[in-house]
């Protein structure tokens, strides 16, 4: 035992007094007085921010959404089964944020950006707020670069540009996710980072998406954010914002990103569930009054940034499900008014074996040809016109018995053009192949081919062009223009085949 000399005692006490600091750590604490259905009501939690993260006694995290006179209504990010009445709650002083970074590429994460694919932890140095302010007018640039989907019907008639928001809308089982996945597959080698957000889907459907992307070598540049149907409404509500935050990291580092929200109907339903449980007043279709703001603040984050901010972009493809093709319901009309156009998929067209089942008549891109390569502009104008005239004639020909030869010829060409737009799933086409296909259809080269054989002929034609006339593809890739030389090569190839 160490002996302390009497004269040392005073110096030790003096030393301890000098080191003593009178810091008081204030912790904002409340008490749960009601819990259930993923909602907790807390008493005594003063000085709490809207959207602040709360930590419960058992480690469960919640978000303060309702700040009322006598209590705080919070939604739980979990089952909340171990949160009990009378347990204490601590305000963290933080707003919901997630880690972001390159390490997320090729991974499957949940709505809180935690990995769920069994490939280990993700190390990330930076964090971003889940909800951040959208870029302003000055920081944006108008959409002018094409975002190729690989689908002829979309790239030719409903072109999408980098930084655009294009809604994919239609009934269930009409191929909405297929269009989104084809767009991801088509970004291979283009340096575009893709984020696929699955909201309220079956885990088996998400596993299928992961497998498809993995087999095609597209998972390396994709992040999948998953909030399955059996997860709490809070996580289904948060998932799209998490996806947007992950994409924003890449956008602000000068990269191009593509975000798919599949689908926003489920997010709105999850938000409705939360709002009703928080006893917020219901509005149309029992949705809360701010359901428009729910989607507008998410989709406004998609932008094409100006050169000072690195020229990055975020393109958003939100998906909305309709009932019996009713586009005038609440959520569809809201999202249509927020986005820069919509691709409308019809169950009738799908059942008529025309896939992708796009209703070209009411689908539109409000950016238009500004987001189209010159080569596509050169051939697509004629295609749109021919198809519009064909649709009108087809409706008329059902009533007329005897048609003149010119009308019959136009109907025959229209049927072949419709065949030309059909495309198998997971087989996006390069720009050169699309241009060659449309050129052949619009210039009458398919008129001699039987309607049933059009698709097989076009596959053969594209293979022949790529193997025997590679110069055509080179010209299109280098100049993005259908030059006279390229047109001559096309004519040669078609005359050799026919």
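Glycine is treated like the rest: Cβ placed from N, Cα and C.
Over in Swiss-Prot, the protein carries these features:
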type	residues	note
BINDING	170, 171, 172, 173, 174, 175, 176, 177	ATP binding site
SITE	363	site 'Required for activity'
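Other residues of the same chain near the ATP site, with their Cβ within 8 Å of the Cβ centroid of 170, 171, 172, 173, 174, 175, 176, 177, are 321, 345, 347, 350, 357.
With respect to residue 363 (site 'Required for activity'), the closest of these binding-site residues in Cα terms is 170, chosen from 170, 172, 173, 175, 177.
In the three-state DSSP reading, residue 170 (ATP binding site) counts as strand. Taking Cβ-Cβ distances under 8 Å and a sequence gap of 6 or more within the same chain, the neighbours of residue 170 (ATP binding site) are 176, 321, 322, 325, 344, 345, 346, 347, 357.
Ranking the recorded positions 173, 363 by how many Cβ atoms sit within 10 Å of each one's Cβ puts 363 at the top. In the three-state DSSP scheme, residue 177 (ATP binding site) is classed as helix.
In sequence order, 321, 322, 323, 324, 325, 345, 346, 347 constitute the residues six or more apart from residue 171 (ATP binding site) in its chain with CB-CB distances below 8 Å.
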